[in-house]
Amino acid sequence: MSMTVTTSSNVSDAAMLSRLALQIKSWGKALGFAQIGICDTDLTAEEAKLQTWLDKGFHGEMAYMETHGMMRARPHELHSGTVRVISARMDYLPPEAGFATNLASPNMGYISRYAGGRDYHKLIRARLKKLGDQINSELVALGFDAADFRPFVDSAPVLERPLAEKAGIGWTGKHSLILNHDAGSWFFLGELLINLPLPVDIPVQEGCHSCVACITSCPTGAIVEPYTVDARRCISYLTIELQGAIPEEFRPLMGNRIYGCDDCQLVCPVNRAAPLTQESDFHIRPKLKQPELLTLFTWSETEFLKQTEGSAIRRIGHQRWLRNIAVALGNAPSSADIISALEQRKAQADVDEMVKEHIDWALAQQRAGDLQTNNRKTERLVRVIQKGLPRDA
């Protein structure tokens, strides 16, 4: 339902909307969002970029990126009547992140820090719903009809990063993530699509300048040019989105990263002063904090489902979990214990052929016995973290 004015003139309506926009930002912070921004729905400039990216096949097996076509760049088609997008930022950097400790320990599994706690999708969507309800309560109290709104997170076909940039949340870094001068890139985004003509915010100035740290540090060279990521090369894609076999050329480069990758964020100088999350739900679960690869590899499917309940990790399923860990074990220092664990897991009936192929690769790597426990990029990354992010090292 569109907003219907019952008492105010257009001038007073504009003033009311300005006041409401300020209230929305205040309500958002009370709900746990670190920042709220507002923008219009025009993403025309992004359509050509999206189509080029898709045409080059950079989305890999993420067919859903292509299925929804340009709807991603047209919020008003995603939710009819939408004239504004309220973009919300929620910080997730956990305390005692232990980045360097984890990456420097090849017998431990590295899990991207966004996934160490509770799955953010339901949490953020619920908070956005509360924000929409507060907006409508205020509108009704002022004598207006309730607005029509719909909350989204990144599981929906919406270009959240360009919207966040338009809404003044930050600028697009060369790694394609949104960067904020105060918060770096350690945050989730959510959107509230609404048919309320609120005043929009001003985008911030780009701040990367000549820095290319993210590009040069990517383990697999996935940032093929500034602002462009070939997902097919990205460790996050390979360990989370890819359903089949991980190409052999990338396996040695993955190191101990078993779910996602944070390297491009860890070297970014904008992240040096990033705040810790205020959400305890995003703190790393004890059994996912500096976890031993051999321990994780013994988890049955039942144990996997139990330990990942309410976590984003659960979506990859037990077989891909084993696939990723097998690769990490193949990259670990040669060990009789690892070889034994790989052989035992391969012999189990619940292991599919895809996982067995990765186990065979890992066994060959282990038996070669001349592995480098850390490649040069990882060693350099650890030094960068220790120097630039001492609190989180």
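Cβ coordinates are placed from backbone N, Cα and C, and glycine is handled just like the others.
Record check, Swiss-Prot: [4Fe-4S] cluster 1 site residues include Cys208, Cys211, Cys214, and the candidate from Cys261, Cys268 also listed there is Cys268. Apart from Cys208, Cys211, Cys214, Cys268, the residues listed for [4Fe-4S] cluster 1, the same chain places the Cβ atoms of Gly173, Lys174, His175, Leu179, Val212, Ala213, Ile215, Cys264, Val267, Pro269, Val270 within 8 Å of the centroid of those Cβ atoms. Reduced to three states, the DSSP call for Cys214 ([4Fe-4S] cluster 1 binding site) is helix. Distance from the CA of Asp154 (active site, proton donor) to the CA of Cys214 ([4Fe-4S] cluster 1 binding site) is 22 Å. On the backbone, the CA of Cys261 ([4Fe-4S] cluster 2 binding site) and the CA of Cys268 ([4Fe-4S] cluster 1 binding site) stand 14 Å apart.
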